[in-house]
Structure formats: C-alpha cells, structure tokens
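I have placed the structure first, in the form of structure tokens, so that the comments after it can refer back to it.
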Amino acid sequence: MADYSTVPPPSSGSAGGGGGGGVNDAFKDALQRARQIAAKIGGDAGTSLNSNDYGYGGQKRPLEDGDQPDAKKVPPQNDSFGAQLPPMHQQQRSVMTEEYKVPDGMVGFIIGRGGEQISRIQQESGCKIQIAPDSGGLPERSCMLTGTPESVQSAKRLLDQIVEKGRPAPGFHHGDGPGNAVQEIMIPASKAGLVIGKGGETIKQLQERAGVKMVMIQDGPQNTGADKPLRITGDPYKVQQAKEMVLELIRDQGGFREVRNEYGSRIGGNEGIDVPIPRFAVGIVIGRNGEMIKKIQNDAGVRIQFKPDDGTTPDRIAQITGPPDRCQHAAEIITDLLRSVQAGNPGGPGPGGRGRGRGQGNWNMGPPGGLQEFNFIVPTGKTGLIIGKGGETIKSISQQSGARIELQRNPPPNADPNMKLFTIRGTPQQIDYARQLIEEKIGGPVNPLGPPVPHGPHGVPGPHGPPGPPGPGTPMGPYNPAPYNPGPPGPAPHGPPAPYAPQGWGNAYPHWQQQAPPDPAKAGTDPNSAAWAAYYAHYYQQQAQPPPAAPAGAPTTTQTNGQGDQQNPAPAGQVDYTKAWEEYYKKMGQAVPAPAGAPPGGQPDYSAAWAEYYRQQAAYYAQTSPQGMPQHPPAPQGQ
C-alpha cells in the first residue's frame, strides 16, 4: 500500500474527516467538466489532465476519492481554469465565417432598393453578409457570412425566405429572350382601370420605373366583371419588383389614406398635383395656339397636361408635374386666371364661387365673351377623321372644347364638291381649342372662311327665315383681327339662313365664291335680281305696311315648283297668294332685260321656291299672329 504520510491534506481549514471528502468530490467534478469541454473543442475526452500544469503545485487528489461519483466533484475555490474555459470557447465561436450560395438572379432582390433588404437581414440576424461582385458566369453567387453560429444560421434562414419568396410562382416562366422571365398576376376587375390609368398612363409609368413590359390580358373590350391577368415580362428581379409595385398601387388606392393638398391631389415626390378646370374654361387656360399654357409652364417651371376623360364631368383635370413648390405656384396662376375671367364676365358668377380647397363651389357662369361662329372647309376625304365612327370624334371634340361643331349639309351655291363646310360656334377660346383638336385629327391646318363672326342683335338663328341686313361690326381683337363686311349668300334649297350677320364664303378661297348682293346699277346682269328685289321689298315693308283685305275668291289650288315637286296646299281657311307672288316675280323678271348673249337657263330660277317659301311663312304667321306678316305682295316697282 502506498505511503500517503507525506501528502498534506487538501484543506487545512476543514474540520473532521467529512470536509476533505467534499473538496475532493468537487475537484473530481471540475475535472470531469474540463474533459467534457475539451471534447467539444476537439481534444481527446479520455486524456487525463495533470493538475500540476494548471498551478496546483504538489497537491494530489487522495486515492480514496477515486471511487466517488462525478456529481460530487466540484471545482475547488481557487480553480481559475474552469472559470476561463467558457469565455475562451465563446471567443472562438464569434469568429466563424461561412460561404453561402444564393441564385445570381436573386442578388438584387436580396440587396433591395438602396440596400434596405440586406441591412434588415444583418440587423435581425447579427451576422455580417458580404456578396461577391459577380458570379463569374455561374448560376449562383457566393456570400460570406461572418458571425456566431447562431447568427450565421439565422442569416441563412432569412436568405432562404427571401429567395423562396422570389422564386417563380405559378404562371411564372422564362421568356424567349436570355434571362427574361414572365409572370402573370390576377388583377381584380374593379382595379384593372386603376392599374391601366387614363389613356394607359399608369401602366406606362410602371413599366418605365420597373424596366419591364406589362400587358393586361382580356378577352374583349366589354367589361365582364372577371379578374384580369396582368402579364409582366423582363428580368426576374425586375419582374418581382414590378409585381410589388402593382400590388402596392392597388393597396394604397384601395385604402384612400393618401395625404392630399388643397386641390385634392396627393402630395409627395414629383408626382405633381391635379387642378380641376371648368370645361368651358379649358380654352382660356390653353390660350390661342397654346400660348397661355406655355407661358404658365415657363413662368412656373412645370409641365401641364390635361388628362383625357369621357366628357361626362363638368370639369377637366389639369395635371401639373414638377417640384411641389412650383406645382403649387402654377396652380395659383391658373386659379387667378380663372378668377379674373370670372370677375370680368358681365353675368358674374353665381353664389358659392369656387374656393381654394374649401369645397367645390359652383361657377354658375356662362362662357366669357360673346358667342362667335367660325366656318372652315376640309377635303371630303378627311371629313371622316373629324366626325369619327358614329360621330364619336366630333362629339368628343365638342365636349372637350365646349364649342358646338356642325357639318353643313347644305353648302352654299357654287361650292366645290370635293370640300366640306364645318361650323364652330362658341367663345373665341372654345373655337380656338376646337380648331386645334380638329387640326390634330386631320394632321394639318384647316382652311378658314374669314374670322369668327359674333352673334349680334340679328344673330339668333331662326327657322330658315330670310336673311336680314348685316349686323353691326365687331371690335377688332385677337380673335377678330380684320374688319369684315360680309354679303348675303344666295338662296339655298331650304331658304336663306336666319337674319344674322352671315359670313361670306368668297373672301378666302375662290372655290367657295358667293353670290354678290343685288346692285340696282347691275340688275340687268343678274338673273336672280328679281328674287332679291322681291325679298328686300318684302323685308323692309313687312313691319310698316298693314295687311290689306283679302281678295275674294283667291285661289287655293295645289302648285308645283320648277322642279316638278308638288307643293302642299294652303291650310283650310287661309288665303293662298301663291299665284299673286308668282305674277309679281314674273313682272319683276320681265322688267329687267337679260344680258346680251347670255345662254338660256344659265342660272336656276328660284321664283317658285321663293313663292312656296313665302306661302308657308304666310300660313305660319297667320296662325300665330295675323298682323305679323303681310298677306299680299308689294306693288312692283316701276310698273
């Protein structure tokens, strides 16, 4: 048996024999823990540790403690080795670096816009991520993950989630081009118009921002109420970005949580603001040849565009694009312009004028300035471009400009059959705006027939009545630059137009020459002078001369005109003066000698047509006001 007399006890301060056994058990426990830690680090678990190597001097564990269980082996009070092992192990674990592969096409999605995505991953996992600058032509790219094992595993998990989220979904396939992919997402039917936008503006902006191609697929133009697939084609990462942008657009617009300015538009970025413009005032904002809107754009440093619409709303939306402060300045300029027009209107605005951001109000004001009329001609082949299918184009132009546009079905005499006459009625601004829209449709300028003519005191159209004397001239201005002295046109199949200052068709183009007014000195050279003389004699005498007594036995037979068309008989109880009027015209025609050498039948004879017209007028005025129109022809002059 070994001699242990020279070995000092483990602890001199222990009382009794039980204290030494407890210390030995604690030492055994510490030794066992050290072996376990060494095994984790990579050492041999069976290697025994020499206590002398760790500063225990000549202390030796008593042999009697060898058979004690490990649970009683605790480290001694002066054991510094056991306290240092956990920090050493933690320090070794914090410098772990691992290479991780990610798909090359998903790198941009992992990094995110402005590096937001990768910054979030590093912050949540506590792991540093470094991505190789390129893949070297391989389908995967290397990422170096540095951190503790737990942080590295967390970073891997987050990266896998992002890659899985960006993987092709059902309906996603690679396109024909290299690196292109196609994905289809379903858009609710109620949001399809929101994604497309007015005139396709929204979907174009999405394509430009994401760098992809988007196509909304639908079976036909009719709205079936079913969801529509949106096909996105492009780089896989860009396709995913475009998908997120579309979903964000639908989500934002559906919630109506945008911050809006005083004009009701969203604020932020360079999106600009939308300003509602009364439809009749659109021409005022645009100005003649676009001068006003160009001036506003130059002064404010913005871009102004009118959004297309269906013409059902009373206002049109002017979209102002640019910096927020400049957009606000341009909106104020437009508002001031409209206010000045409103204040200058003779009728004045109605109650509740439009306030800036304080309700919509109501203009209740007519178009500024007097109504004018503008005639122009276009080649027959381009008439369809102005009218459109079912009249949609001309209706749209009329709604956008606020002017009334008509195609004259009955052109003036001697008109060129290859040209068509159009008439625009409205304010100068409306006429100018409508003219611009028409010129855009036909791809060139129109051929005007004189400046716009205002409706003066005699300017209210009537039911195909005879023309009156020309109304007073209009003051010269930007929309009426030249003096204008029109003459009455020749008689038309349905009678002359109403008594207003008519435009002359012969002052601009020779192929629309009009008939000159009758001149007494040249009466012998005009075959229609008899009709004009009768007309003027009747016109100037209808108010001054009282109607004479109706002669007895006046004929009431049915007459026919020179073209063989049967005329309607006079109403029952009314006196028919058709024969008397015909005799009057015949006498007037015989009083004026025909020019020498004039070919017979060179000009049509409208005597019968005029007689029928005056007979109808006599019947009409006799029913409404017996004193309103003379019931007999004037006495032939010079007879």
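Glycine is treated like the rest: Cβ placed from N, Cα and C.
The feature region 'Disordered' is assigned by Swiss-Prot to 1-27, 40-88, 341-360, 442-527, 543-574. Positions annotated as N-acetylalanine by Swiss-Prot: A2. Residues or ranges marked as compositional bias 'Gly residues' by Swiss-Prot: 14-23, 345-360. The feature compositional bias 'Basic and acidic residues' is assigned by Swiss-Prot to 61-73. Annotation comment: Swiss-Prot describes 95-159 as domain 'KH 1'. Marked as domain 'KH 2' by Swiss-Prot: 180-246. Swiss-Prot lists 270-334 with the feature domain 'KH 3'. Among the features that Swiss-Prot reports, domain 'KH 4' is placed at 371-438. Taken from Swiss-Prot, the feature compositional bias 'Low complexity' covers 551-568.
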Residues in the domain 'KH 4' (371-438) grouped by DSSP into helix, strand and remaining coil: 32 helix, 20 strand, 16 coil
Per-state residue totals over the domain 'KH 1' (95-159) - DSSP helix, strand, coil: 32 helix, 18 strand, 15 coil
Helix, strand and coil totals (DSSP H, G, I; E, B; other) for the domain 'KH 3' (270-334): 32 helix, 17 strand, 16 coil
Tally of DSSP helical, extended and coil residues in the domain 'KH 2' (180-246): 32 helix, 18 strand, 17 coil
Average pLDDT across the domain 'KH 3' (270-334), rounded to a whole number: 82
